[in-house]
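**Student:** The following feature annotations were taken from TrEMBL:
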| type | residues | note |
| --- | --- | --- |
| BINDING | G43, V46, N50, S289, N321, L386, D389, S390 | Na(+) binding site |
| DISULFID | C148-C157 | disulfide bond |
| TRANSMEM | 37-55 | transmembrane segment |
| TRANSMEM | 67-88 | transmembrane segment |
| TRANSMEM | 109-136 | transmembrane segment |
| TRANSMEM | 233-250 | transmembrane segment |
| TRANSMEM | 282-303 | transmembrane segment |
| TRANSMEM | 315-339 | transmembrane segment |
| TRANSMEM | 374-394 | transmembrane segment |
| TRANSMEM | 415-441 | transmembrane segment |
| TRANSMEM | 447-468 | transmembrane segment |
| TRANSMEM | 488-510 | transmembrane segment |
| TRANSMEM | 530-550 | transmembrane segment |
Amino acid sequence: LTQPVTPDLLVSPSSQDGDLGSECPEDRGNWTGRLDFLLSCIGYCVGLGNVWRFPYRAYTNGGGAFLVPYFIMLAICGIPIFFMELSLGQFSSLGPLAVWKISPLFKGVGMGTILIVSLVAIYYNMIIAYVLFYLFASLTSDLPWQHCGNWWNTDLCLDHHVIKAGNNALPVNISNTVSPSEEYWSRYVLHIQGSSGIGDPGRIRWNLCLCLLLSWTIVYLCILKGVKSSGKVVYFTATFPYLILVMLLIRGVTLEGAWKGIQFYLTPQFDHLLSSKVWIEAALQIFYSLGVGFGGLLTFASYNTFHQNIYRDTFIVTLGNAITSILAGFAIFSVLGYMSQELGVPVNQVAKAGPGLAFVVYPQAMTMLPLSPFWSFLFFFMLLTLGLDSQFAFMETIVTAVTDEFPYYLRPKKASFSAVICIALFLMGLILTTEGGMYWLVLLDDYSAGFGLMVVVITTCLVVTRVYGLKRFCRDIHMMLGFKPGPYFRSCWMVLSPATMMALLVYNIVKYQPSEYGNYRFPTWAEVLGILMGVLSCLMIPMGMVVAVLQEEGTLWEVGVQQASRPAMDWGPSLEENRTGVYVGSLAGSQSPKPLMVHMRKYGGVTSYENTAIEVDREMEEEEEEESM
């Protein structure tokens, strides 16, 4: 007797490979606690940039007046794209590659995302390695960057105690001098004098290499079991920085001269608002601070239950991130105000951004405080926890994206696969531990997530709203959350967000400036290499299109492009009980003209979400009738 054959169209995607497929959704895993997702998103978004980029951007772009374009750009660009990414991930329960079942023609967008995240993960963990180095160096009674006279110091080194003594007697000329903390950073930690430039990396700094190995080991142990382990670690890494930040803030504002720094940070200069540069800077800060386009938000949301209230979570995370940035500015500038008073120089002479703030200026300020090793340890421990949960997100994004593409081979071996990825990225990052490693880090920082990331986000926005369809996307959210996004979200998705990001992209190209580190200008070949990094992530999109069209049968336009741009047959919620309404048609054995009824009989009564599905079906029928008329 021959077994009855089920037609291909009636076989669910999860059952095409036999019994193994039925285990697929369970194997993927979910968050195990109620706050796992929310804290992971907060930890991912609140990173090093909140401490070392936002305060500097604020004071250079109008002080308190900068908050006006900052919050406007948050509303136009940040919140809508954030919510879109979470919705895509939660609705499909898929990573940044597999989620392009929504429109297989654009799968190259996912490939571009993975390339960008991989490059960022390489250098971001090197920054964590620097933080570990300073953390260990703080475990002493006398901070090593406190005084001159060490083997790495030069004749230009000038101790701040000497400056203070000079202020009381004769003025000290500090224009051609270097602080002990700056020489400790450049001549001891980096040993940059051993390299003549990016083409001459020099020897590996083994103490930095060991710190990098330690940071990758910590990251691996925390993502060993996927979101089940990292979801627990973030209870500490996402909350503890706030405790330290408050301690640093209280200590900072009680210092003499603190008000001078805060005044410098917040005094509004409203004439800056007439400059387009200020609005672009605000949009860039929002764009990178929230981490949109890196795939981390989409990955985290893909581990949610289908009806998780991501609408509420969007506002909690985005507004919490903005408030954290502002608080960090108070903590940083109060200490810089005290430092400027101690040195007898204006605040703008001590204020810096990026690594210069974290590894030179703030450590120097710590040496002026009583119990300086204690405050230094706290500061670097805060940076460590801020950096780690962002790195967890980058690694989870890469691992999830690839395992979702090959679930039957890689999901059972996820721990081993994660180890392979960590080892590979560690080996690629070894060049950053050399004497000229800082030049490579600057190159990666400037180009890996520049215009390539913007192209990825703009394309995602346009595909979801134009190719997949805004109505269909809003209908999916209605089915998932029980309500449709309002006019605010729809107008931002359709017009405001993509238009703003295109303006950002054009501005970045027009105002392009070659990379530099201090007085060092990068050679032409290094600039070309950096530009190629950005271009390669963009080229993934047309390459993905070519592959998708070639996989389709028929003529190029009529069948190839049109068919590849439509959602895949198995696009939709991953679990059968969530595939209500129009998505029931792809379930095994659903031959009824009213598939929703079959679904309801199988899974029991009519829930509020199934009521939503009935409404969605009714809307679709009305739309079809209107089109036929």
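Glycine residues also receive a Cβ, built from the backbone N, Cα and C atoms like all the rest.
Automatic, uncurated: that is what TrEMBL annotation is.
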**Student:** With CB pairs under 8 Å as the measure, which of the listed stretches 282-303, 374-394, 530-550 comes out on top against the transmembrane segment (67-88)?
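**Tutor:** Checked against 282-303, 374-394, 530-550; highest Cβ contact count belongs to 282-303.
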**Student:** Of the listed stretches (37-55, 233-250, 315-339, 447-468, 488-510), which one yields the highest count of Cβ-Cβ distances below 8 Å with the transmembrane segment (109-136)?
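**Tutor:** Going through each listed stretch, the top one turns out to be 447-468.
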**Student:** Sorted by position, what residues of the same chain at least six away from D389 (Na(+) binding site) have a C-beta under 8 A from it?
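**Tutor:** Within the chain, D389 (Na(+) binding site) has Cβ neighbours under 8 Å at S40, G43, Y44, G47, S230, V233, V234, T237, A238.
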**Student:** Are the transmembrane segment (315-339) and the transmembrane segment (374-394) close, by which I mean at least 3 Cβ pairs under 8 Å that are 6+ residues apart in sequence?
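**Tutor:** They are not in contact.
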**Student:** Using Cβ atoms only, which residues of the same chain lie under 8 Å from C157 (disulfide bond) while being at least 6 residues apart in sequence?
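**Tutor:** C157 (disulfide bond) has long-range Cβ partners C148, G149, T177, V178, S179, P180, E183.
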**Student:** Near the transmembrane segment (488-510), which same-chain residues lie under 8 Å Cβ to Cβ, leaving out any that are not at least 6 residues past its ends?
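**Tutor:** Result: 73, 76-77, 79-81, 83-84, 276, 280, 283-284, 287, 450-451, 454-455, 457-458, 461-462, 464-465, 470, 473-474.
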**Student:** Using Cβ atoms and a strict cutoff of less than 8 Å, what residues sit near the transmembrane segment (233-250) while being 6 or more residues removed from its termini?
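**Tutor:** For the transmembrane segment (233-250), the nonlocal Cβ contacts are 33, 35-36, 39-40, 42-43, 46, 222, 324, 327-328, 330-331, 334-335, 375, 378-379, 381-382, 385-386, 388-389, 392.
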**Student:** Are the transmembrane segment (37-55) and the transmembrane segment (447-468) close, by which I mean at least 3 Cβ pairs under 8 Å that are 6+ residues apart in sequence?
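**Tutor:** No; fewer than 3 Cβ pairs under 8 Å.
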**Student:** Name, in the order they occur in the sequence, the residues of the same chain whose CB lies under 8 A from the CB of S289 (Na(+) binding site) and which sit 6 or more residues away.
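**Tutor:** Those within reach of S289 (Na(+) binding site), by Cβ under 8 Å and sequence separation of 6 or more, are C45, G47, G49, N50, R53, F54, N321, S325.
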**Student:** Within 10 Å of the Cβ of L386 (Na(+) binding site), how many other Cβ atoms are there?
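**Tutor:** The answer is 27 other Cβ atoms.
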**Student:** Return the count of C-beta atoms lying within 10 angstroms of the C-beta of N50 (Na(+) binding site), excluding that atom itself.
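**Tutor:** Counting Cβ neighbours of N50 (Na(+) binding site) within 10 Å gives 24.
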